[in-house]
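The block underneath contains the structure these notes are about, expressed in structure tokens.
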Amino acid sequence: MKAAASLADLDTFAELGSVGSGQPLGVLDGIPIAVKDNFNTAGIETTCASNMLKGYISPYNATVVQKLLDQGAVLLGKTNLDEFAMGSGSTDGVFGPVRNPWSYSRQYKEKYVPKSFSEDGESNWVITGGSSGGSAAAVSSFTCFAALGSDTGGSTRNPAAHCGVVGLKPTYGLISRHGLIPLVNSMDVPGILTRCVDDAAVVLGSLAGHDPKDSTTIQDNFKPFELPDLPDVSKLSIGIPKEYQAPGLSSEILALWSKAADLFKHAGAKVTEVSLPHTRYSIVCYHVLCTAEVASNMARFDGLEYGHRSDMNKSTESMYAATRREGFNDVVRGRILSGNYFLLKQNYENYFIKAQKVRRLIANDFLKVFRSGVDILLTPTTLSDAVPYIEFLKEDNRTRSAQDDILTQAANMAGLPAINVPAALSERGLPIGLQFIGRSFQEKQLLTVAKWFEKQVKFPMIQLEEVKRHNHDVFQHQRSASFS
Amino acid sequence: MAGHRCIELVPQAVTVEVLDHLEQLALVDFRDAEGVERLRKAIQFADQLHEVNTDGVEPMDSVLEDRCLYLREDDVTEGNCANELLKNAREKVEEYFVAPPGNIPLPKLEERETFLKGS
């Protein structure tokens, strides 16, 4: 499925696990995990799915990777993504697109194309969303229990929604970014993809906390937590931001969203409509800040110290230019050029500073709502379920990202924790997720609400034809499943 | 080079000079008319920001602006890894990264395409 960008070689595999030592290393001992290929892994290639970094071997582990290994996790492989995590489909990487495992599920095959579906699903397979599509696919297809993604504008939550898994974007500053190849420094956070909310809490517990190597991690002590078995939401105030009823939101997601609100109401929670008036401009603001920071971050790739280097040898400048022409795809080059445009002396105030001001308005919208007593916001994660790859290609990357990040990037602008929880299957038999957004550093409350919701909806397990034959009983048992 | 061929596609503000300047700064090229069109659309999209009234609003650099960020002591804590770092460089001599001759600016716009040919 091209979910994996590279496989950890077996020697490393044996070294990393505690195989044979007899002593468990930590809570993740022996647990198979996957890591998005924009986190540095010592001795294992890190490519960002770009020609620019093909063959690049980092001399060190990203802090989050090191923490997982310290807890005994076993790294199965590095996962595919959009080149440099710039995209929302996992279709724009140099290794090719990631296929959504649900394309091969009984649920999708039965509901969407009962007769004409060709055996290999060549024309009907759907995208994973992105940019952490490989990680979402790996978790969704039972390849691993947990995977690291990254989330700048929704890159963990979007593929989580499309692949029917839990995707947590923690508060900015809670988890170290050291060794995560940066996209937008002021918004990037490592993301966590798992099959259930409890697992996300366990992984969060292993990752969170101050890192001297990342000055933007906060120094407060983080206490790992377990979630209550019977979460109580009756004293909570849930806000439904009306602006998230965005143009293009599918009617079935809208219906699911309101059904979810009713669930909370019936459980005794206070559910109110709230307003985040600047939401409409958030994606525009994101676009300017993102490209500006990308332009700056991508300046490091010059061919001299690491990564691809062109054969062009006439001058340093021409070698730089040729290296970057050969190394970056159209999307990356386009964002670098736009970003440089917004940062030009004559445009700086008009675009970059302007966007930073709008960013404050967006962050303030959230502050106001939370100050008014709302604990958690409930929104859709995506506008629709996953589209077939051939459909997805019809729009360009910028247009796609503007549509696909629309419901997710505002949480990044404000630095807030947010989580996708799989909620139901669409009419086409594909996963739909809903998003909860919490207060800064209130991950426990956010995950508690998410777990309660997860228990209510009983999202159906993916029924992969291959797996089903072997685990028939398990699937029979889990089949209960329908939200509606 | 794309610039002069597709100038009619770009808004007033984006002149050939600006395109040229951007390519020099970014060290990536627009490659073709599509690349220039992509910039035009990106600017048009960004222009929606001007509908928002931001009078008296301070720009926001970081969501952690109210916190004191960690600065470690200015001591050397690691190092002696020159060999390891040099492993990822394609061209080096002893402990040096090797660059082609410097101080040669990129050629003028119209000559650039032939110059970069083959890359």
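Cβ coordinates are placed from backbone N, Cα and C, and glycine is handled just like the others.
TrEMBL has this to say about the protein:
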type: DOMAIN; residues: A:22-447; note: domain 'Amidase'
type: ACT_SITE; residues: A:LYS36; note: active site, charge relay system
type: ACT_SITE; residues: A:SER131; note: active site, charge relay system
type: ACT_SITE; residues: A:SER155; note: active site, acyl-ester intermediate
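Its Cβ placed at the centre, A:SER155 (active site, acyl-ester intermediate) has 39 other Cβ atoms within 10 Å. The DSSP secondary structure for A:LYS36 (active site, charge relay system) is strand. The DSSP secondary structure for A:SER155 (active site, acyl-ester intermediate) is coil.
For the domain 'Amidase' (A:22-447), the model's pLDDT averages out at 95.
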